[in-house]
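J.: This is the structure I have questions about; it appears just below.
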Amino acid sequence: MNNIILLPVLIPVMVGILLIFLRSYGRTQAWFSIFTMAATAGISYYLLEKVQSDGIQRLDFGGWAPPFGISFVADSFSLLLVLTASIVTFVCLMYALFSTNKLLQTMYYYPSVLFLIAGVNGSFLTGDLFNLFVCFEVMLLSSYVLLTLGGAKRQLREAIKYVVINIVSSWFFLVALAYLYGSVGTLNMAHLSVRVAEAGQGPLLTTISIVFMIVFSLKAGLLLYFWLPGSYSTPPVVTSALFGALLTKVGIYALFRVFSLIFNQQPEITHAIIGVMAGLTLIGGSIGAIAYNDIRKIAAYNVVIAVGFILVGLAVSTPNAIEGAIYYLIHDMVVKALLFLLVGTVIALTGTAQLHQMSGLMKNYPLLGWSFFITMLSLAGVPPLSGFIGKVLVSEGAIESGAYILLALSLLSSLFVLYSLLRIFKNSFWGETIVGKEDQVPLNSRFLVPCVVLVLLTFGIGLGTEGLSAYVTDAAETLLNPEIYVDAVLEGDRP
Amino acid sequence: METIIILLVGILTAVAIYLLLSKSLIRVILGTAILSHAVHLLILAMGGLKEGTVPLLGEEAESYVDALPQALILTAIVISFAVTAFILVLAYRAYQELGTDDLDEMRGVNDE
């Protein structure tokens, strides 16, 4: 029992409720939420250290021992993601402090962000499948609000699509939960793992697992990503950055958790399907990334490519590949937020999202240009930046298990990522300067600070891989050996 | 009893999907509401139906209904209520801004 596990969910919710009453004080709200995220990051780091020394932590709500009550379970994998999510949100909120207009700030923007984070952290920490559904819904409802705040025509139109698609996918989630409960009689993840292992994963359970796969793929944007570019490229910059960094990652987390802990008996079916879907996602995302001239669309398709890449790691499921996928997941949260923030800054400066209407920004804003350059290299996986280690390990895993098609696709997709971003770089940063030094829109350094912080973070993760490796190895070990998780939750006395 | 409920779930789902596929936004929203009712019944049926008994009645009770599906449904109802409320407001706002509730026409409305 460790009550602190609840804090990464509880603090954002409580502060979010408090901020509703401070509606008219935009700045105050911003500072409150920034401090909240800093506190959450600190707590999750403390928990991460605690997991390293004392093993997996657990909180049974109301003292009901698992599998009867709802429990929160914190292992290295979930805590790494909670920590990264908190840090990324912290930086995004710093950007929001200066970039969002007054109107948006007083329309419950910050409470919605905090509720979103509560949902995200809850999804990472919960040890109960139905509770995962609830946390998903908390996250989704906040994302609906964030997506529509501002009320531009485009936003409303994309929001309708996004909401309806998510309602249908939530429906599938409930259907899968109902069937699963009907067939094995429990919804606690650790208990499910035991029951499924005892009963053997027959055709019925495999079918149920595929329904779960559809649900999480929709959330993660794995193959079913048709809704993603539209809805991620319409809201205000900070919102896109938060969505790009966090929302798809929750779906990916759920896929990893469910298919390594519960449905791990028939990888030749489930993991093979994930592999095929990941391959197709890489292809589709790559085509999308080079097909558009709207730089926000390009950034959104880059999210899709990353999802494909990370799930190659799950499809292969060797120790190296899983470790690589975790590294890449952390890297991607940081760098996707950075990419969206940079793209948003460029749009704010030039007043257009079209690639061909901007040129020579490098002369006007050198620091912005170099930040973009580093982001590009990091996404392409150039050492010593953070994308490198993940790409190497996933590729190594793909070679070990002989998945050469996936290997080829994932490496080719890196080239497409590089090419799509080089197009932005070449068109908008290089070339003739259209705007003279005198007439340029002044770039407020406060926009740049969050971007530079994230750039430093991608360097930090790249150079400090050694320091991170202990946590990631532990996370991968828990994912690969479900019995560690099960023992920690059910404490040996398996009902 | 379970069979009848499952058939009912099937009919509700079919109706909901028919509504979801229509052009009018308000029908789509009604479709999502019916869809959630269908799955609530499915959860109820999956817990096993017993006639005329209560959830829990001491240790000597001869038969009792599984209380967990009911708890799940209660949670799901609350969530679907919130989502439906949100999407109704969204639809109204979209109607005001875009001037149409026809999903086909909405696609044609281009950026501001």
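Cβ coordinates come from backbone N, Cα and C, glycine included.
I grabbed these lines from TrEMBL:
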type	residues	note
TRANSMEM	A:6-23	transmembrane segment
TRANSMEM	A:68-95	transmembrane segment
TRANSMEM	A:107-124	transmembrane segment
DOMAIN	A:127-416	domain 'NADH:quinone oxidoreductase/Mrp antiporter transmembrane'
TRANSMEM	A:130-150	transmembrane segment
TRANSMEM	A:204-228	transmembrane segment
TRANSMEM	A:240-263	transmembrane segment
TRANSMEM	A:269-292	transmembrane segment
TRANSMEM	A:299-317	transmembrane segment
TRANSMEM	A:337-355	transmembrane segment
TRANSMEM	A:367-389	transmembrane segment
TRANSMEM	A:401-422	transmembrane segment
TRANSMEM	A:443-463	transmembrane segment
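Can you tell me where each of these features sits in the structure?
T.: Long-range contacts of the transmembrane segment (A:6-23) within its own chain (CB-CB distance under 8 A, at least 6 residues past either end) are made by residues 29, 32-33, 36-37, 39-40, 43-44, 47, 59, 72, 82, 86, 106, 108, 110-112, 114-115, 117-118, 121-122, 125.
Outside the transmembrane segment (A:68-95), and at least 6 residues removed from its termini, the chain residues within Cβ reach (under 8 Å) are 2, 5-6, 8-9, 30, 33-34, 37-38, 40-41, 44-45, 47-48, 51-52, 56-62, 110, 113, 117, 120-121, 124-128, 130-131, 188-190, 237-238, 241-242, 245-246, 249, 253, 256-257, 326, 329-330, 333-334, 337, 341, 447, 449-451, 453-454, 457, 471-472, 474-476, 478-479, 485, 488-489.
Distant neighbours of the transmembrane segment (A:130-150): 70, 104, 107-109, 112-113, 115-116, 118-120, 122-123, 156, 158-159, 162-163, 166, 170, 173-174, 177, 187, 219, 231, 234-236, 239, 242-243, 247, 250, 254; these residues of the same chain sit at least 6 beyond its ends, with a Cβ under 8 Å from one of its Cβ atoms.
Same-chain residues lying 6 or more positions outside the transmembrane segment (A:240-263) and placing a CB less than 8 Å from one of its CB atoms are 77-78, 81, 85, 88-89, 92, 95, 113, 116-117, 120, 123-124, 129, 132, 136, 139, 143, 146-147, 189-190, 192-193, 196, 201, 205-206, 209, 212-213, 216-222, 228, 231-234, 270-271, 274, 296, 299-300, 303, 307, 310-311, 314, 317, 322, 325, 329, 332-334, 336-337, 339-341, 344, 479-480, 482, 485-486.
Within the chain, the transmembrane segment (A:269-292) has long-range Cβ neighbours (under 8 A, six or more residues past its boundaries) at 206, 209-210, 213, 217, 221-223, 225, 229, 255, 259, 263, 298, 301-302, 304-305, 307-309, 311-312, 314-317, 403, 405-406, 409-410, 412-413, 416-417, 419-420, 423.
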J.: Which range out of A:204-228, A:337-355, A:367-389, A:401-422, A:443-463 gives the transmembrane segment (A:299-317) the most CB pairs under 8 Å?
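T.: Of the candidates A:204-228, A:337-355, A:367-389, A:401-422, A:443-463, A:401-422 scores highest.
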J.: Does the transmembrane segment (A:337-355) come near the transmembrane segment (A:443-463), with 3+ Cβ pairs under 8 Å (pairs 6 or more apart)?
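T.: Between the transmembrane segment (A:443-463) and the transmembrane segment (A:337-355), which are separate recorded stretches, there is contact, as judged by 3 or more close Cβ pairs.
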